[in-house]
Structures are given as C-alpha cells and as structure tokens.
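So the structure is just underneath, and the comments pick up after that.
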Amino acid sequence: MDRTQSPKTALFAVLATLLVLTVNGQSLCNTHRFTNNLAFADCSDLSALGSFLHWTYNEQNGTVSIAYRHPGTSASSWVAWGLNPSSTQMVGTQALVAFTNTTTNQFQAYTSSVSSYGTRLERSSLSFGVSGLSATLVSGEVTIFATLELSPNLITANQLWQVGPVVNGVPASHQTSGDNMRSSGRIDFRTGQASAGGGGSGDRLRKRNTHGVLNAVSWGVLMPMGAMMARYMKVFADPTWFYLHIAFQVSGYVIGVAGWATGIKLGNDSPGTSYSTHRNLGIALFTFATLQVFALLVRPKPDHKYRTYWNVYHHTVGYTTIILSIVNIFKGFDILDPEDKWRWAYIGILIFLGACVLILEPLTWFIVLRRKSRGGNTVAAPTSSKYSNGVNGTTTTGPHHQDA
C-alpha cells in the first residue's frame, strides 16, 4: 500500500464522519422544502409515527400557520393532527383530518371535534377558528395546511397526531399499540418548544381495558351465573347451591366494585369528558348490588312472615341488576370501541348462558312438578333450615319462589 495515501484516506474518513454527525444532529424537518415555496419559522420532528410539524406564530393576531406532514401514507389511510386543551387523550381533541374521498377520488381535509373513543372522525366545527385548510398527498406523503386562531390558553397545548385505515369510505379505528399509542406531546407555539407525551395515552388505554374486562366478567358473567345457581341447582343439591350462589355473587360484587372504582378514576382523569348514561347505569348497578349484600344481613328466617316480601325484593333487585349490567356492558363497548371479536365473544357467552336457561328451566319445572305430584318436597331435603325458602321450611310452588 502507498503510505502517501494513508493521510488522505484518514482525512476523508474524518470528514465523512463529521458530515454524518452533522446531518444526524440536524432536525429532519429543517431540511424540508415545500413545493409551494412556503416557509415556516419553527418545526419539530414529532416523537412517533415519523411525522413532522411546521409552524409560524403571529403574536399580533394570535394565529398559528401550520403544516403537518406524515410520510409513508397510502390512499386508503386517514391522517389527523390536533390540539387538546385539557389532556393528552383522544377525547376532546380538536382535529384536522385528511383522507381520500372515495366518491370524488379527491384528497380532502376537514375539521373534527372528537367527542368519544368510538369516533369515526365525523365533520364538525372546532372550539377555535380555522382558515386556509387544505391537504395534499404527494409520493405517499400527506401534508395538512391550516391557519389556527388560538386563544391564549392554547398557545401552549397538548398536540396529538394519528394515522389509521379508511374502511368503506369512513375512517376506522387506528392501531392500539406501538407508535399509535405514543403520538402525543406538548407544543409551545410561542417559544418553538415541543416535547413527547410520555406514553400517557397508552396508560389510559390500559386503564379503560382493565375497567371493561373487570365489569364484563363481574356484572356480565359471574352475576348471571350466580342467579342461575340459585334458580336451577336448588332442586338437585341443598345446601351446595347456596354456597355456589354466594360464591358467584360475592366474587362478582368484589370484582365489580374494582371495575366501578377504575371507572370513577377514569372519569376524574378525564375532565370535560362525560358518558352520562354509562356512568348513571354504573352508579345504579353499584347501588343495587350493595343493597343486595346488605339485604343478606337482614334476611328473615324461612318461617318469618316477612320472608315472602324479602324474596320478592331480592328477586326484583337481583334480576334488575343483571339486566342493567348487560345493557351497560354494551354501552361500554360503544364507548371503548374495541375490535369486533370482543363484542362477539361476550355475545357468545350470553348465548351460551341463554341456552343453559332454555334447557334448565323446563327440566327444573319437570322435577318440581313430579315431586309435587308424589307428595314430596319440591327441593332437595335441606341439611339446615337456613338454606330453605319455602313457607315454614317446607315446599314451594315452583322454581320462581326459590332464593338464597
């Protein structure tokens, strides 16, 4: 090797290294040139999804001209960027949305105020003025342009950006993992500072999922199964049915209270967001279930003159709780908007429980009537009077009068 080439080679390597470090140290948004010769005072490489935000803040009139860029987009995807004045979650976000209109085959932009987790990004006005809204899709890169008329409390705000599929001409749910759950942060249009959101939205999603699972299992599965134990097992085994009934109901109540508490926590963490029907049904369920628990403490003896009234109360509140719980679980599905498989999985559980009822109801009546025709008790002989619900601890007229 020619030794005279070594210094030149070393110098070239050093220069190449410095060039790479310089390019890597320079914000990618600073190197972008817009085809329409627009120029912006500040820009930020956003922390997720490979997106960029360019803006110019006009302090005199309180407006911000922005350009949001998202590369690697297909014609069957939607892209959105927005501000949330109260939190880093999706609900409450004032968004700019862009995707290809399948009817006109034109790439369009519009505004959408996100009011629920099941949103389809419907067109709606925002809490602040927007002018000059437009969007382009060039070589797989979406750019949304707009001028925002911001109040002082929005000069520093939470920003969120997202991408998802378009299905049948309508924006569908985005992915709930990876960068899609990290695409939020803070933006200060005046100072030009932007920071990552720290994954808060992912934590909220986990809390919502936990809330949904706890309530679906407790109110939607364990409670109905506990009622079925009391209604259908009593003719076969006493006091086994009683212990199973109590075990299912108490387990359902404990898990349900945990789910209810997570719902309260989610509500407190989401100011300005309210699902009044879902919340009110949840409060009613908690109240009814708590009344059922305390009712057990004042349950009259089987031969007490008020036992019949207690049974009517216990049945009415119990079945009302089960019906309301199923209704509220589907309300929760509408709010959380999970993949369809979860909704269908719960529907499958309800169908299974319903099939069990259709089989056990006539079977129970058959056993009750046969025992009655033979002059015997309609329930299995109890080992203790505390498990019996008939008048004076003897027979009942059928399964409708049985309870814990």
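The backbone N, Cα and C atoms fix where each Cβ goes, and this holds for glycine too.
Database features (Swiss-Prot):
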type	residues	note
BINDING	His211, His278	heme b 1 binding site
BINDING	His245, His314	heme b 2 binding site
COMPBIAS	173-183	compositional bias 'Polar residues'
COMPBIAS	380-404	compositional bias 'Polar residues'
DOMAIN	49-164	domain 'DOMON'
DOMAIN	170-369	domain 'Cytochrome b561'
REGION	172-207	region 'Disordered'
REGION	376-404	region 'Disordered'
SIGNAL	1-25	signal peptide
TRANSMEM	210-230	transmembrane segment
TRANSMEM	241-261	transmembrane segment
TRANSMEM	280-300	transmembrane segment
TRANSMEM	316-336	transmembrane segment
TRANSMEM	349-369	transmembrane segment
Quiz item: How long is the line from the C-alpha of His245 (heme b 2 binding site) to the C-alpha of His278 (heme b 1 binding site), rounded to the nearest angstrom?
Solution: 27
Quiz item: What is the interatomic distance between the Cα atoms of His278 (heme b 1 binding site) and His314 (heme b 2 binding site), given in whole Å?
Solution: 24
Quiz prompt | Rounded Cα-Cα span from His314 (heme b 2 binding site) to His211 (heme b 1 binding site), Å | solution = 27
Quiz item: Using DSSP, how many residues in the domain 'DOMON' (49-164) fall into helix, strand and coil?
Solution: 3 helix, 67 strand, 46 coil
Exercise. Mind tallying the compositional bias 'Polar residues' (173-183) by DSSP state, helix then strand then coil?
Key: 4 helix, 0 strand, 7 coil
Quiz item: Including all protein chains displayed, how many Cβ atoms other than that of His314 (heme b 2 binding site) lie within 10 Å of its Cβ?
Solution: 19
